[in-house]
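Swiss-Prot lists ARG17, LYS24 with the feature site 'Transition state stabilizer'. Per Swiss-Prot, site 'Positions MEP for the nucleophilic attack' is recorded for ARG151, LYS206, and the stated evidence type is sequence analysis.
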Amino acid sequence: MKQKRYALIVAGGHGLRMGADRPKQFLLLAGLPVLMHTLNRFAPHVDAIVLVLPTDHHAYWQELCRKYDFSVSHRVVAGGNTRFASVRNGLQVVPDGVLVAVHDGVRPLVSAETIDACFDLAELKGAVAPCRPMTESLRYYATDGNYAVDRSRYVTVQTPQTFRSEWLREAYRQPYEEYFTDDCSVYEHHFGRPVALIVGNIENIKLTTPLDLSLAKLLLTS
């Protein structure tokens, strides 16, 4: 029997690198706030959506939902001071025995194929992340210089990173470490075992700079 599927959308950034007058998850993209595009992508594929937002963004989000008549069902949870704390808060309302996909709120171009592939493999493996092969040359910085490395041995990691909910919640009970950059690093540090990887869609970029936003507009309207 297929496990229920939850999306945990984390949207705690303030978008300083975007240089905008509001957090990047609320910037308009093809007529809708970025975050609404993200929730729309997940809605057909999950049984429930948990949205983690800073407390001081809740009223503004409610105002946007009214303004744009946004009707995708979701539960809003208060974020923490770090992404780690925000995910941990969100996991408190996700039950055991389900699959949970943790996704960056500012990745509005994740494909249906990527979402489904992460959930499907998580049914078998319990821990999955989408990734993309490296296309640029890589160099390693050291105290005595910098060195070329074999890029074929590296990938970039995307979200949604998808887990058995009870496993991820257990991993998030450990103390925070500075090198916890994503859910995979939290999971691997606690359990000492790797996650399975799938190839994510190339359009699944994280909107960080004005160039990213311009590219996302082109991809959505092309």
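Cβ coordinates come from backbone N, Cα and C, glycine included.
Shown here: features listed in Swiss-Prot, placed on the structure.
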residue : record                                           : DSSP (3 states)
LYS24   : site 'Transition state stabilizer'               : helix
ARG151  : site 'Positions MEP for the nucleophilic attack' : helix
LYS206  : site 'Positions MEP for the nucleophilic attack' : coil
Across all chains shown, how many C-beta atoms besides its own are within 10 angstroms of the C-beta of LYS24 (site 'Transition state stabilizer')?
27
Whole-number Å only: compute the distance from the Cα of ARG151 (site 'Positions MEP for the nucleophilic attack') to the Cα of LYS206 (site 'Positions MEP for the nucleophilic attack').
21
Neighbouring C-beta atoms (10 Å sphere around the C-beta of LYS206 (site 'Positions MEP for the nucleophilic attack')):
16
Would you count the other CB atoms within 10 A of the CB of ARG151 (site 'Positions MEP for the nucleophilic attack'), including those on all shown protein chains?
14
